[in-house]
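Straight from Swiss-Prot, the features:
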BINDING   HIS27, SER44, TYR115, ILE116, ASN117, SER132, HIS201, PRO202, GLU203, THR218  iminosuccinate binding site
BINDING   CYS89, CYS175, CYS271  [4Fe-4S] cluster binding site
Amino acid sequence: MKELDVITLLQEIRHLAQESNAVILAHYYQDSEIQDIADFIGDSLELSRKAATTTADVIVFCGVYFMAEVAKIINPAKKVLLPDLNAGCSLADSCDAESFKKFRELHKDCVSITYINSLAEVKAYSDIICTSSSAEKIIRQIPEEKQILFAPDKFLGAFLEKKTNRKMILWPGTCIVHESFSERELIDMMVRHDKAYVLAHPECPGHLLKYAHFIGSTTQLLKFSSDNPNSEFIVLTEEGIIHQMKKVSSGSTFYIVKTSDSGGCVSCSKCPHMRLNTLEKLYLCLKNGYPEITLDPEISSMAKRSLDAMLKMS
C-alpha cells in the first residue's frame, strides 16, 4: 500500500467513525497501524471494561471473534462490528459448546471458570469468565472446598494451579502461537543477550515459563517493561505488544523468539487470526456497517451472567 493510500484510509476511517458515533477498540496483538488509529488499546479485561462503559452507538472491535462477541453480550442494543468474521481463535475453537456441556455434566458440583478466549455458547454454560490478568484473583475467591473446572487453556490453567496452590480439572486447549515458541531459540537468545529479562505470557507451556523473569498478561508485561530499569527484554507473546512496549520504553530493546515448525504460525510470533484485520477491512466495515456480530438472545443473556461475575470479581 502506498503511503498516500494509508493516509487517505486513516482519514476516511476517522471521518466514518465520527459520522456513525463509533468507537474503535483494538487488542495489543493487532497490526501497529490499527493500534495507532484505535480509540482504545488494551488486553481482554481492559477491552471488556471499555465495551461496558462506552457511550458510542457502534463498537468496532479490532481483535478476534470471541472478543467482539463479548462486546455484543455486554451491549446487546449496540451494533458491534468485526472487520473480518473469519478472525477466530485456536483456544476458542478447541472448546465447542456440546463437548463443554458434557464436560460440565460430568462435574456438576464444580465451579466452572472459563478463560475469556471462548465462544459465547461456552460462556453461557460457565459460572465465571476470567482473563489472564484477573484469573488468579478470581480463583482465590473460590472456597477451598470447591473443585474448579478450568477451560480452555491447559497451560494457563497449569500456571494458575502453581500460583494458587489449587488443583483444577483442566480442559486441554492451547494457543497456536504461545505453544509454538521454540525452547532452543529461547535459550540461544538468552545466551546472545545475557543481560535481557525474559517476559512471558502464561499461555506459554511450562517448559518455557521456567526461564521467565516475569510472567503476566499483555498489560502486565507492558507495565513491567516500562517500570523495570533493565533495557533489554526477550518477549514470549504475540509480537503486536512490542509496538506499545517501544512507545512506553523508547530506550529499550525487545527481542522476539521464533516459533518451532510444528505450530500454526511458523517461524514468527504473529497470530494469523488477529492479523486478518486490516486497515482496508476496518474502513469497509465502517463504510458498510458490517460484518456485524449477532447472537442468540438466550445465549447472550446466559453468557452475560458469567461475564458480569468476572467484572465484579476482578
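Cβ coordinates come from backbone N, Cα and C, glycine included.
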Residue among binding-site residues CYS89, CYS175, CYS271 with least C-beta crowding, 10 angstrom cut-off: CYS89
For the [4Fe-4S] cluster site built from CYS89, CYS175, CYS271, further residues of that chain with CB within 8 A of the site's CB center: TYR29, VAL64, SER90, LEU91, ASN117, ILE176, VAL177, HIS178, GLU238, HIS273, MET274
Other C-beta atoms that fall within 10 angstroms of the C-beta of TYR115 (iminosuccinate binding site): 28
Whole-number Å value for how far CYS89 ([4Fe-4S] cluster binding site) lies from ASN117 (iminosuccinate binding site) (Cα to Cα): 7
Span of the iminosuccinate site, taken as the largest CA to CA distance across HIS27, SER44, TYR115, ILE116, ASN117, SER132, HIS201, PRO202, GLU203, THR218 (Å, rounded to a whole number): 17
Close in space, distant in sequence - HIS201 (iminosuccinate binding site), Cβ under 8 Å, 6 or more apart: SER132, HIS178, ILE215, GLY216, SER217, THR218, LEU221, LEU236, THR237, GLU238
Under 8 Å by Cβ from GLU203 (iminosuccinate binding site), same chain, sequence gap 6 or more: LEU91, SER132, ASP153, PHE155, LEU156, THR174, CYS175, HIS178, GLU179, THR237
